[in-house]
Each structure stands twice: as structure tokens, then as C-alpha cells.
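Visitor: Input: one structure, supplied below.
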Amino acid sequence: MPLGERAGDKSESRYCGVETEFNDDMPHVLHSNLFSGSFDFVVAPLMDPSYRPSLVQKDGLGCGVLPFAGSDLVLSPSQWSSHVVGKISSWIDLDSEDETLRMDSETTLKQEIAWASHLSLQACLLPAPKGTSCANYARCVNQILQGSNNMQLWLRIPLVKPDDDSMDAKSVALGDSWETWNSFRLLCEHHSQLSVALDILSTLPSANSLGRWFGEPVRAAILNTDCFLTNSHGCPCLSKRHQRLITGFFNHSIQIIISGNSVHPKANVDANDDTSVTDSQRHPLRPYLDYVGYLYQRMDPLPEQERFELGYRDFLQSPLQPLMDNLEAQTYETFERDAVKYIQYQRAVSKALLDRVPDEEASVKTIVLMVVGAGRGPLVRASLQAAEETGRKLKVYAVEKNPNAVVTLHALIKLEGWEDTVTIVSSDMRYWNAPEKADVLVSELLGSFGDNELSPECLDGAQRFLKQDGISIPSSYTSFLQPVTASKLYNDVKAHKDLVHFETAYVVKIHNVARLAPTQPVFTFTHPKHSDNESNQRYKKLNFVIPNDTGSAMVHGFAGYFDATLYKDVHLGIEPSTATPNMFSWFAIFFPLRTPICVEPGSTLEVHFWRNCGSTKVWYEWCVASPSSSPIHNSNGRSYWVGL
């Protein structure tokens, strides 16, 4: 049964598994662990661990029966598929110097995977690589992946990275286990069905080192009973750091698997005192499951905004082309539901009106305000509410190029009785000849990267009808960038098997990513422009330093954000450190790299970004120059551009 109910959470992390020993009575394994123990699935060996192909004495016909854990008939297909993860024999060592062991390992691996595929298992747990070299192991797994169905292969990786401070001897001997995983997945070409099952040890690496894994394809975390401490009641509990890690796993759809023998016998004795369950019925690992369930149940419910965004997590979307295309009603509807954004705009307009018109002139002076890109009218409404709030008089021009939105605007003006205050202009702001100049110019033309929906070009065209001392809302905006590990996003781009998709920027609600360094500002635009000769082309070189305690990491691309100053101290944006709370109009933007780049701890990642302008389009180009050079992506806008 699931760990508990958490409003809005339908992810796989609600289900907890248990690692079991070999038993050829699979119905008993399922009954004792699922029905008596309340676990949701078992990670069970499929083959007798004593089996070695080289020791099998086949009969004359050469048809020896493999010692699997029972026939496929002992469980129903749905039980095999939903409740069993196959555990590949832990003795296999495909990179052993011993040729017999190596050949036995390869044969057994393929036999067990074939059996798991026959049973329609959803996943198999592969044992951790035994030594520093894993090339042959990866080769065999890659062969299997090339010919497999949709079964996931979870590579067991111990969660270790030696730090400068004290670590246990086992951790130091293993080195940084991320390096092992990285070697293995590079040999398997980032295959989308190869993922990680992290073995959690009693000692954890630094927070930055742990953070790397949230951008990797981690499907499960194996929590050994040795990790648990003992509370004052003699029951298992976890350290604060382990608790935070497990909560992070829950938030990233990573399933917990309990492993090992009970080291808290008193917990079971106390539980039996309170219930009618006998010692023989009570599962020895039940106290550990109960504690994991307690951690899950004490999490806050998913906020309404997060629930709304669940379906968009790590889903690549092409950015809007607002100049080339007219938005649909559904798109307007989504943006208009973002109350926080319009509250910020109303605050900015209110402050501008108060600065523009002193109290003594409030009854006689009328401010000309132009909403350029009025859409279906939310900014018109916010501006009129600001005028009412401040007691200022307004004359509003609502300029909109989309003829379909103009129909809605006319209906809105009539419904609200704004005919004497609002004039609707059905025109592209860049070509409209205004009858008078504006005191205040209000626009909402920002994209996820600030300028990527051509706000600079649009406002250049509209600046003609702003008074010399006029106010633009927004007054400026800056784009930001940071390197990320984003295995899922990279694989989704790679699945298209072409260059174009690797040279396209995507709007995405990034979730399963590791942010490898703090954001840095890229391009800034200020309005109104101080000079007509100022170009909208931009170029920036950025140097990101990877923290020493992170360890090595893989850069799959860059996450982009923006922050906008609407007026004076009123801002809105999605840059993580200053993001406007509860605003959902913008997700981040993702710039992929054709070939991911591995960065060392303490190293500098040198990145170059360009914003280029042509007569009919605007486009970005990007590349990495250090620690190794990448190609310049999207040269001349060959793959991705925004049309003027």
C-alpha cells in the first residue's frame, strides 16, 4: 500500500519496495512482503545465486533447465509486472581478469535479462560495477539495451564521494561513485532506459555533491538498515541530513527500497505489544517502512501552483512566436489566470501615476497611457484599477495586432462601460501612427529569457509615441543563465536524432535538474532607449566556477531566466534567487548542448552567448570554450529563430 496520501502527489515515490534474498517460492515472497509486510514491490533475485554456467552438467541433449525463481505461471502477469523488480545476480563481474568468471557473468546477465523480459518486468536492478574499469560490463548492457523492449535497467551505484573531512574507509576506497556512473552511461551513449539506483550509506557527501544526482536519471534509492539511528523508544530513525535527502527523493519521484536485516528488534517487540500481530506475522523490516511512511506523510501538500504545473515538469515546449503567430484563446486564458503578474503591473502603474501627477493636479490633469500588446485586456484593466486606486485620470489606448483578440477587447470595453476612457487600436505597434504622445507605455512582451519574444524590437517601434520624459513599464529586464545537469531533457532532445532540436531553445518547467553554479546576468535592455543608434545585438562571455565540494558533473545545457524592473522598486521575474512567488506565466528556457561536457570540481566553465539581429529574424548562438570546446550552436540562426 502507498506510504500515505499527499494532496496532489500521484508520483511513483509513494510506493516503497524491499530487497529480498533468493527464494524459489515467489508466491510466498510476495505474500510475506506485500500482504504481511505492506511493501508495494519486491526487488527479488531471479536466479539461484549458486548457479554458474561453466559448472552446469548438461544432459546429452544440451537442454539443462535454468534455476530461475519459479515458473512464470506461479504469479499472474500483472503481479510480475507491478510488484517485482528483477535483481540480477550480484556475483557477476564482467570486467574480471578471470576469463571463466567473466564468461559466466556475461552468460548469466543475458539469461536473467531474457527471463525478466519474458516475465514483462518493468525494471531490473543491475549490480554495481566491481572495479574502476567497467567497459565490458557497459558493452554487454548496451547490447541488451539496443535490443530490449521498454524495460528499465537500474544500475546500482553507492552514494559516495570522499570529502576532505572524515569519511569511512569504505567510502574512501570507492572514490567518487558519480565517476563510475558517468563512465558507464557514456559507454552506453546516454541510453534513456539506463538509470540509477543509489545505495544510501550511513555517511553522506556534501549537499552540493548530493545535488548532482537530482539531474541524473535516478529511479530508486536503496536504504540499508545500517543507515538508521535509534530513537529514545528503541525505534529506527534517520539523521537530519538523511531525512532531507529522502524528502528530496520523494519530490523527484524516486522510490525508496528498504534493504538489509533488522537491527532494531525492540521496535518489532514494542509494536507487537500494542497489536494482535504475532512475532511470526510481523515483518522484521516493518518499523523501517513505517518510518519512511512517517517522513512522507509529514511533507506539506503540493501547493496549488505546483499541482497546476505537474503535467509540464521537464516537458519541452517550443517558445511562442508572438509576432509571427496570433495567440489562441486558450493561451490568453492561461496567462490571464496569473493574478500575481497583474497585481505587480497594477502596483507599477500606480507608482508611475503618483509620480507623474501631483495630488493638487489629480482632478485636472489626464494621463495618456498606452497598452501596447493589449491582448484581451488584462493590462487595460490593471491600469484602470491603478487609476481608480490613486484617484488619477486616464486616457487609455489599447493597441493590439491580433484581430481575434480585438473582438474580445471591444466586447470587454462595452461590458465594463469604458467607452469614454479606452480607445482600441487594431494595429501592429511598430507601424501605428499615434494621434498623440503617451505619458506611460505599458507592455507585457517578455519571454522566459526576457528578450526572446522580441520585446526590444517591439518597444523600439513603440518608443516613437512616448513623450521625451515618458515612462516605460517595464523600464528594464535582464536575462540570466546557469549550467545544469538535465539528463531527461537531454535524452528528450536526443530522441529527435537531428541537429535542429539540439540548436533550439525550449520553454520548460525544469524539475529533475541539478543547478551546478549560481546564475549570472547575460543581456540587459532598458526602455526607453537613450539613443536611436543603440543596437539590440548582444554578446556576453560568462565564467561559471564549479564548487570544489560538488565533485565532477555533466553539463547537458543551460537554464535561462529573466528579471524585470517594472517601475522603480516593483519587479517581477523567474530568476531563482529573486523569483516572484506564485507566478506561473513563465517557465525557464533551456539551451541544450549537442555533446554534454564534463566539468571537474573547482574548474571554470567558459560560455559564450550571442543575440543576433537580421532583417527578418532574431536568433541566439551559444557555445562552450572551456574546459573543452563545443561547436557554435545555431550558427546564423539555421535551426531556431524568432521571426520579426
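Quick reminder: no glycine exception, Cβ is built from N, Cα and C everywhere.
Note that TrEMBL annotation is computational and uncurated.
Pulled these from TrEMBL:
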- 39-298: domain 'PRMT5 TIM barrel' (DOMAIN)
- 304-473: domain 'PRMT5 arginine-N-methyltransferase' (DOMAIN)
- TYR332, LYS341, TYR342, GLU400, ASP428, MET429: S-adenosyl-L-methionine binding site (BINDING)
- PHE335: site 'Critical for specifying symmetric addition of methyl groups' (SITE)
- GLU444: active site, proton donor/acceptor (ACT_SITE)
- GLU453: active site, proton donor/acceptor (ACT_SITE)
- 476-642: domain 'PRMT5 oligomerisation' (DOMAIN)
Visitor: What's the CA to CA span in angstrom from ASP428 (S-adenosyl-L-methionine binding site) over to PHE335 (site 'Critical for specifying symmetric addition of methyl groups')?
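Guide: Rounded to the nearest whole number, the Cα-Cα distance is 21 Å.
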Visitor: Quick one: Cα separation, PHE335 (site 'Critical for specifying symmetric addition of methyl groups') versus MET429 (S-adenosyl-L-methionine binding site), in Å?
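Guide: That comes out at 21 Å between the alpha carbons.
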Visitor: Validating a neighbour-count step here. Other CB atoms within 10 A of the CB of GLU444 (active site, proton donor/acceptor): how many?
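Guide: There are 24 such Cβ atoms around GLU444 (active site, proton donor/acceptor).
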Visitor: Check each residue in the chain of LYS341 (S-adenosyl-L-methionine binding site) that is at least six apart in sequence and keep those whose C-beta is under 8 Å from its C-beta; list them in sequence order.
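Guide: PHE335, GLU444, LEU572, THR580, MET583, SER585 - these are the non-local Cβ neighbours of LYS341 (S-adenosyl-L-methionine binding site), listed in sequence order.
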Visitor: Just checking a number: largest C-alpha distance across TYR332, LYS341, TYR342, GLU400, ASP428, MET429 for the S-adenosyl-L-methionine site, rounded to a whole Å.
Guide: 24
Visitor: Counting only residues 6+ away in sequence within the same chain, which have a CB under 8 Å from the CB of MET429 (S-adenosyl-L-methionine binding site)?
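Guide: Same-chain residues close to MET429 (S-adenosyl-L-methionine binding site) (Cβ under 8 Å, separated by 6 or more) are VAL372, GLY373, VAL399, LYS401, CYS458, GLY461, ALA462.
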Visitor: What whole-number Å value do you get for the CA-CA distance of GLU453 (active site, proton donor/acceptor) and TYR332 (S-adenosyl-L-methionine binding site)?
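Guide: Their Cα atoms are separated by 15 Å.
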Visitor: Output, ordered by sequence, the same-chain residues six or more apart from GLU400 (S-adenosyl-L-methionine binding site) with a CB under 8 Å from its CB, or 'none'.
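Guide: Those within reach of GLU400 (S-adenosyl-L-methionine binding site), by Cβ under 8 Å and sequence separation of 6 or more, are GLY373, ALA374, GLY375, VAL406, LEU409, ILE424, VAL425, SER426, SER427.
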Visitor: Check the domain 'PRMT5 TIM barrel' (39-298) for me and report the mean pLDDT.
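Guide: Computed over the domain 'PRMT5 TIM barrel' (39-298), the mean pLDDT is 88 on the 0 to 100 scale.
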Visitor: At a 10 Å cut-off from the C-beta of GLU453 (active site, proton donor/acceptor), count the other C-beta atoms across all protein chains.
Guide: 22
Visitor: Cβ distance under 8 Å to TYR332 (S-adenosyl-L-methionine binding site), same chain, sequence separation 6 or more: which residues?
Guide: GLY375, ARG376, ALA405, THR408
Visitor: Looking at Cβ-Cβ distances, which residues of the chain lie under 8 angstroms from TYR342 (S-adenosyl-L-methionine binding site) while being 6 or more apart from it?
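Guide: Set apart from TYR342 (S-adenosyl-L-methionine binding site) by at least 6 residues yet with Cβ under 8 Å, we have PRO378, LEU379, ARG381, ALA382.
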